[in-house]
Structure formats: C-alpha cells, structure tokens
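Here TrEMBL flags 6-22, 29-60, 72-91, 112-140, 160-188, 200-220, 240-258, 265-284, 296-314, 334-354, 425-445 as transmembrane segment. The domain 'Citrate transporter-like' feature in TrEMBL is assigned to 37-356.
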C-alpha cells in the first residue's frame, strides 16, 4: 500500500475517532474542516477525497445510509457518467477525425472560421459531456490548425487556440447541470432543474465566453495564416459510428423526457436509460464495459455526492444556523450587498488555488445557509457559486482544462498572469450584471 493510500485511510480513521468525542456542532465544523483538507489540498488521494465525507458522516451516525444512496443514485449522476463514457468513445472510434474534417471543409480553408467552429463545438458539447471531456476532445483537433511540437516555444496563435478551447469548454460546462461538476454541485444544492438552469446561466456564459475570447485575443494577438486552398477529402461515417451517434442521441432525448416528467417511474427510467445504454455502446465499439467505465472521473462524482451530504450534515447539526447567527451582527454594520461582493471576490480568489468543484463543494453549503442574512435568492446563489467558482485562469492545478494547457507546453504561468487578471475582472463584471439585472428577471418567472 502506497504512503498516500495509508495517509488517506489514517486521516479517515483519525477524524472519525476525534469527531466521535465532540458535540454535534463541533462535529459539523470538523467535517467542514475535513472537507477543506480533502478538496483544497493534494494531501488526500482523489478517490478517497471523493468519498471521505459521506463515509465519516455515516460512521458518526449523523446521516442515514438512505440519504447517501438517494444523493448518489439519481438521474443527473446517471447522465453525467454516460457523458464521460461517450467522450471516451469519441476518439477511440474515430469520431474526432470525422468531425475535424467536417469543420475544416465547412470553414473553406479559413483558419479563423475553423477555430470559431471548434470553439463553438467545444462550448455546446460541454453542455452534454462535461467540460473536462470537451477539452480532451477539441483541444487536439483545434491545435491541428497550428501544429505544436512539445518543448518548443508556442506561437501567439497556438496559445490563443489553447486558451479559447478551454474557455469555451468551461463556459459551456457551466451552462448545463451535466456540463461540469461545478454546475452539478450547485444545481443540486439550489435544487434548480436542468431546463431552468440553462435559462439562468446561458445568457451569462455566452456573454463571458464572447468577452473572454476578445480579451484573450487582445492579450496574445494571434496572427492567422492565409486561406488554405487544398481541402481535406470528405469522409463518411462507418455504420458502427452512425449507430454510436444514434444511441447517444436517443439516450439524451429519452433521458430529458423522463427527467422532465413527474413520478417515481420516470425517475427510475432516467437513472436506468444512460446506464443500460453503455452495454450497446460497448458492443458497437468493441470495447469492454470496464474500459468505458474507466473513462469516468469517479472522484468528481464522489465530490458531488459529498457536497450534498455535507450540506445536509451542516443543516442537521446546526452549523448552518450558527453561520447565519454569527453573520447577523456583521450584517447590521456592513450592508448586505457589500458582504455579497466580498464573498464573491473571495470565492473567485479561492478557486485559483483549489479546483472549481472543490471550491463550490466547500463554499456551497455555507453560502446556501446565508441566504436569509444576506438577502439572497436561489438564482443569485447559483450565479455566485457556479460563475464565481469557475474563474480559475492562472494556475495549472486549479482546473483540468488549465492542466491540459500546461501539460501540453502551450502556455507558461507568467504568460497566463496578464490574461488571468483581465479575465477575472471581466468575469466579475458579467457576474455583477447577472446578479443585478438578470437574476431578478429569472426569479420573477420561477
């Protein structure tokens, strides 16, 4: 057993023993501190970090097994897992090459238009198969417009391509509750359904996406080459590829129909359809089911469940009420809007050092129970957490998209600093406009 595995198990055992001796309120605060250790540091292994909170909470008896099962087995988790499976198949079955040819032919050899096509696909694909998978899908395809050799100094165009694809995938992921772990957690905490979530987030994410693309272009000043006269030969989908796309489309439509229906039967179908569809996908692709499931980011699923469980624990043990009571004297001195602004800026800074999902998993339960003293609506909570918690643009460890950029060697940290600060200011402007202008309109119709 590796030292990291041993350390993770030791932390779990030690936390359980220590917290068992504490009163309920202290247990809640202890679990919150344990969550920060799991999600804000790299001390605990990813898989252990994903399941630590529910496991310790169960051992302490502060949550029931039925609650953990209910948070784990649900329609959103099911389609979230299915999205990772499809993303794994996308490259394995040659669908990526087919899409690259289609985009290049559609653009007529114009690099600027081709990049816009890849970025648009990355945005909207992220709404279906998560932003992490979308970066993995479209980053190498878009970079074919300006091929990069690892170890060499990247050109401004190569840097711009990488940043634009990551930005597109991130914004698209926030637009849908199955598009990122961040939106998955926040939607679960605020109980906003998928359709309403898209209505709330899409105007804001589209705005930040377009503004961010302009900011990145100004920072990197990319130079696009001349129009390419020689086009790649057109390719057709193989029968197996057509069937894979048909299964994927059918699952999405069937899941969405069941998800919007009321009743336990529809809920059970929404859980079962994506999971059962993995079997025909394995048969069509010739891949083992275990290989397909191996493409799923299980720690991300675990963090989602853990955040929802932590929220229930904080409520059950009285920590949430304590947070609200503690903030009451402060809110009598400092106006609520200034407190909200301070909290938003803190979250935006926090997410640079912690993953996006870790940020909202830690802050989400706390913000949720500060709704009354801070005079917040659920739409405003969702915008603060989902948008504010997804503004990591500088450090490689803050998001998987950033990690892809840095590991590919396309950008360096000092090159991301001027972009990062400008992007954060742009994001802050869009979020504030969303809180002041769009959230009240959305809330009025919901």
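A Cβ is built for glycine as well, from the same backbone N, Cα and C atoms used for every other residue.
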Could you give the residue numbers and ranges of same-chain residues that sit at least 6 residues beyond the transmembrane segment (72-91) on either side and whose C-beta is under 8 angstroms from one of its C-beta atoms?
128-130, 133-134, 136-137, 177-178, 184, 187-188, 194, 244, 248, 251-252, 255, 258-259, 267, 270-275, 277-278, 281, 285, 287, 291-297, 301, 304-305
Local confidence of the domain 'Citrate transporter-like' (37-356) - pLDDT mean:
85
If we skip the immediate neighbours and take only residues 6+ beyond the ends of the transmembrane segment (29-60), which ones have a Cβ under 8 Å from one of its Cβ atoms?
4-5, 7-9, 11-12, 15-16, 18-20, 22, 68, 298-303, 305-306, 309-310, 313-314, 319, 353-355, 357-358, 361-362, 365-366, 397
Below 8 Å between Cβ atoms, which of the listed ranges 6-22, 296-314, 334-354, 425-445 makes the most pairs with the transmembrane segment (112-140)?
296-314
So which of 200-220, 240-258, 265-284, 296-314, 425-445 has the most C-beta pairs under 8 Å when paired with the transmembrane segment (334-354)?
425-445
